[in-house]
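S.K.: Got a structure for you, questions after.
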């Protein structure tokens, strides 16, 4: 499971006026978890057609969704999109400018203009119905010119590149037995000349998979590479290195990872029934809570099952591990599964499964169901 993540909303307008008299705008809702989000539009008195595209899931587990509005006649005074994300309580209304840019610049004597930034196409929108290519981020050079000079940013710079390497999850290591390392390079100034390579200290072949580069809204790119490894190598303390090279880097950037040394503390796991106040309420859903505490290191996986079937990660929320106040450097977390009241009343069995390297069998399960005779 993943923790609840608030969405970021990007207002988008047509990149150029074009020949059509209709106005097209869109809102891109990015990086939220879990589903769903709701997008509503207000076009004032202007007749309009709206279309919301299906959400797509990123490799990180968060979701992206696009919604567009086409004003079919006239020039609207105001356009607004409202995005609601019930799981986080997030609600935001964003106004979008729909008026075409002035055709004549207000000043004549100017230094030679900088080449206009290219309009980045909307990356990562869900198939099979991507947003039209005409929907692209607004171009800074369409702003009134006195403000333009202050707003033009320097082109992305290779010195901002950052490289991260992420360990395999305990679930990959000990349950599915297909652990992967992930290398992430952010703030790449362009998508040219990017090379990601992997090596291991003891030698041997690695077969990495490079995912397509992702364009970000600030004009930079993100590269992600995954490499399958073996649980045996990871447990044996093997060191793996990811190296990023880019046409604009003076020298490559490398990051290494291996299993952390030190003490191991196994978690205690407590599966809590819905609180009595919730049971006596009138909602048709109830909360099951899995409290996991006293573990070290913080790498841990939590999964839920219903009738021996593993549930999709989008059906529950797990907070990131937090440090215990006990002073022994251990961690705790909560995971919450929402279940239908009728399923609970029927006596359905639910299981919280925790995977951690310090457990004797690498995983532990706690199950719960409504006790017979209880209301």
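Cβ coordinates are placed from backbone N, Cα and C, and glycine is handled just like the others.
Okay, so TrEMBL annotates it like this:
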type	residues	note
COMPBIAS	59-81	compositional bias 'Polar residues'
COMPBIAS	102-119	compositional bias 'Pro residues'
COMPBIAS	120-138	compositional bias 'Low complexity'
COMPBIAS	139-151	compositional bias 'Basic residues'
DOMAIN	7-97	domain 'Ig-like'
DOMAIN	156-258	domain 'Ig-like'
DOMAIN	267-369	domain 'Ig-like'
REGION	43-151	region 'Disordered'
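Surface or core, plus neighbours and distances: that's what I need for these features.
M.R.: In the compositional bias 'Polar residues' (59-81), helix, strand and coil residues by DSSP number 0 helix, 12 strand, 11 coil.
Per DSSP, the domain 'Ig-like' (7-97) is made up of 0 helix, 53 strand, 38 coil.
Assigned with DSSP, the residues of the domain 'Ig-like' (267-369) fall into helix, strand and coil as follows: 12 helix, 52 strand, 39 coil.
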S.K.: Summarise the domain 'Ig-like' (156-258) by DSSP state, stating how many residues are helix, strand and coil.
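M.R.: Result for the domain 'Ig-like' (156-258), in helix, strand, coil order: 13 helix, 43 strand, 47 coil.
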